[in-house]
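Positions annotated as active site, proton donor by TrEMBL: H193. Per TrEMBL, active site, proton acceptor is recorded for E329. TrEMBL lists H193, T194, Y195, D265 with the feature beta-D-galactose binding site. Residues or ranges marked as signal peptide by TrEMBL: 1-25.
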Amino acid sequence: MARAEMLRLALCLVASALAATGAGGARKTIGVYELRHGDFSVKITNWGTTIMSVILPDSKGNLADVVLGKDTIAEYINDTSFFGPVAGRVAGRIARGRFVLDGKVYHLDINDGRNTLQGGGRGFNKVIWTVKEYVAGGDSPYVTLYYRSFDGEQGFPGDLDVYVTYRLSPYELGVHMNATALGRATPVNLLQHTYWNLGGHGAGDVLGHTLRLHASRYTPLDAEMLPSSGRGAAPVAGTPFDFLAPTPIGARIRGVVGGRVPGYDANYVVDGEPGEMRPVARALDGASGRALELWGNQPAMQLYTANWLNHTKGKGGAVYERYGGFCLETQGYPDAVNHPEFPSQIVRPGQVYRHDMVFKFSF
């Protein structure tokens, strides 16, 4: 295909995504929604419910954007690095793209070798969400987004109503997700996939950030980044996965292989009672003085250290390299639909899946 024809086709695909037709023939468009509380601001787009920026001061009052991402909506549509969206219907990997529920075998879209990753090739990160409510300012600015996931989407059973609310309070960002199954039981496991760099999104690697995790156990993975059969969760003590005490991210990273390259891409079991809000993680960038504390109510959390960034074009002319950011993603256990020993992710008709997290910033 000629270069000009390829460019024309790409532009057509972007235009189609920017103004899609939803159920009932209603047109859905993509927008950017800013939430602001003083010198603390966040930008969200309804394309994939993506966090585009988080701007806050450092210890000297200098503002910086601490989220990796892109400049334009079109770049987010074509993004393959998963900068800032919500993943679903089931985040993480599902082995062989299949599971059994109530005696029936379901086959999913396979988009990661032999497996399904982040809900399939057109997961919740690749759809336009409906903006239900938007309050830009005041004491508690927020935006609520909605998506109706249809029966059979990417192979998952049953309709699912999904809501995501981003809410600001002084130097805190709350993310509240809920989903209601309609008609049929279905697995649900959502996560928020923002890359953080507390020095600023283009400040280089995060290996010097200090990290503490409230997690005494982790889930060993096999070569396909799936839970090792029969092993369950293992203690972090004595392994490179131990962040029970504040430790630089890069201290032991060379001894960890996260998907064929050195780096963390690991599921941690959060200490405490699932369903209750409790501390999950704290990261600190000593140079800027910025710190991020994460609280959540899910049983587990994925730590990812941007292992696959490689000369990746970012915002404002920045170029992101390996370890240029880190993700802290509260979630259910990976591949839980195929591991009865893990907490269930099945939501039955009328039941509501609830997933809450709060990012607390200081400087």
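Yeah, the Cβs are placed from backbone N, Cα and C, and that goes for glycine too.
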Cβ neighbours of T194 (beta-D-galactose binding site) where a neighbour is any other Cβ within 10 Å: 26
The residue listed as 'active site, proton acceptor' and the residue listed as 'active site, proton donor', distance between Cα atoms, whole Å: 6
Neighbour-count leader, CB within 10 A, recorded positions: D265, E329: E329
Additional residues surrounding beta-D-galactose, by Cβ distance to the H193, T194, Y195, D265 centre under 8 Å: F82, F83, G84, Y304, A306, G325, F326, C327, E329
Between E329 (active site, proton acceptor) and T194 (beta-D-galactose binding site): CA-CA distance (Å): 8
Those residues of the chain, 6+ apart, with a Cβ under 8 Å from that of Y195 (beta-D-galactose binding site): V67, L68, G69, S81, F83, G84, A306, G324, G325, F326, C327
Cα-Cα distance maximum in Å, computed over every pair in H193, T194, Y195, D265 that the record assigns to beta-D-galactose: 14
